[in-house]
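Report on the following structure.
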Amino acid sequence: MVKKIRLLGDPVLRKKSKNVERVDETTISLIKDLFETMYATDGIGLAAPQIGVSLRIFVMDDGKPRVFINPEIIYKSEEKEIAEEGCLSVPEVFEDVERSKEVTVRYMNEHGEEVEESFVDYSARVVQHEYDHLQGVLFIDLIPSSRRFAIRKKLIEIVRQSQKTDYAERP
């Protein structure tokens with residue numbers, strides 16, 4: 001089911017997410033919701049907190065759909081890249097963010113199997129962005145304070161919109 005995206009200002013986006021204890025029907029249902037919502041909003045990645053669930057799960061499709069459960073970044077390259085990022089939870093805001101060019105992640109997939117995988121370039125950026133969501137970090141936290149100040153009116157408007165949003169599920 002396509003879920004509403006939580007916006008900047010929603011407290012769930014600032015909480016450190018809890019580990020998933022086991023992959024069960026509820027977890028599989030959440031994963032389906034994440035993929036459906038991500039595809040419906042033309043995203044390339046989506047973390048559970050973005051749909052109001054404070055669990056350590058995110059999905060990504062960089063040409064290959066993947067599920068990351070309880071991910072840990074175990075390696076970040078010292079080589080960095082700066083590129084523009086946006087976020088469904090911070091709509092219509094795009095800013096340059098510095099990230100590691102390569103990361104290695106240990107995670108559990110939707111079958112409960114432990115996976116260790118390395119990502120480079122754009123895929124590494126997406127993994128780091130979604131992982132940050134599980135830590136309660138948004139990409140706007142990583143931009144210089146002068147840029148945050150420059151876009152403050154936009155950010156304030158998103159927070160106001162978030163406060164007016166009714167997240168109750170409709171049949």
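Placement of Cβ uses the backbone N, Cα and C atoms for every residue, glycine included.
Swiss-Prot has this to say about the protein:
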- C87, H129, H133: Fe cation binding site (BINDING)
- E130: active site (ACT_SITE)
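The 10 Å shell around the Cβ of H129 (Fe cation binding site) contains 23 further Cβ atoms across the protein chains shown. Packing around C87 (Fe cation binding site) is summarised by its Cβ count: 25 other Cβ atoms lie within 10 angstroms of its Cβ, all protein chains included. Take the mean position of the Cβ atoms of C87, H129, H133, the recorded Fe cation site; other residues of that chain with a Cβ within 8 Å of it are G45, A47, Q50, E85, S89, E130, D132, L138, F139. Residue environment of H133 (Fe cation binding site) contains 23 other Cβ atoms, counted within 10 Å of its Cβ in all protein chains. The distance from the Cα of E130 (active site) to the Cα of C87 (Fe cation binding site) comes to 10 Å.
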